[in-house]
Each structure stands twice: as C-alpha cells, then as structure tokens.
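The next block holds one structure in the form of structure tokens; read it before the comments.
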Amino acid sequence: VMSGEGLISVDYEIFGKVQGVWFRKYTQAEGTKLGIVGWVQNTEAGTVKGQLQGPRSKVEKMQEWLKCTGSPKSRIDEAVFKNKKTTESLEYSSFSIIE
C-alpha cells in the first residue's frame, strides 16, 4: 500500500445485461490486475453484486471500470455503490467469484 493512501471498502451492484456475459470472470480479472481484493456474485434479480477493498485510487479505478466498461458482451445500465468507508485492513486475500 502506498504511504499516505488509505484503504477503502465499497459495496456495489451492477444493473443491465450482466449475467451470462462473463461479467464475473472479467470483474475478477480486472480487480486482480488492479491489485484490489473483494468478491463478485450473480443475484437472483439478474444483477451482479459484490464488494471492493484496497487503496482508494485503485478502488476508484475499479468503480469506473464497473460503471463504464465491464465485460465485452455486457450492457451496463446502472452501477450503484454504497457503504463506502475507510478500513484499517483488508478482509480478503484475493478477488473471488462467489457461485
């Protein structure tokens, strides 16, 4: 972690065509590439939700990716972020897909 940069945690839910388009796999890959941790999961409502944790700037980059990019075949209608807070330590050791 870069000195002076705090760790944050944020929950997310993504609406649109985000199931059956490898969204979770791409999210896991992007999170891992950025060096943040957390999880991603499909919901019964047809959305994708999860949590991001890591250095603020990296989490914010991931939020931007979830809002604007996603997987190639996805269509993102809305990205909702909530419960954003600073955290002392990371609760996860990697970025995982929850089945």
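Keep in mind that glycine also has a Cβ here, set from the backbone N, Cα and C atoms.
Now, the feature entries from TrEMBL:
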type     : residues : note
ACT_SITE : Arg24    : active site
ACT_SITE : Asn42    : active site
DOMAIN   : 9-99     : domain 'Acylphosphatase-like'
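The Cβ of Arg24 (active site) has Val40, Gln41, Asn42, Val48, Ile97 as same-chain neighbours under 8 Å, each 6 or more residues away in sequence.
Mapped onto DSSP classes, the domain 'Acylphosphatase-like' (9-99) shows 25 helix, 40 strand, 26 coil. Of all the Cβ atoms in the protein chains shown, 18 others lie within 10 Å of the Cβ of Asn42 (active site).
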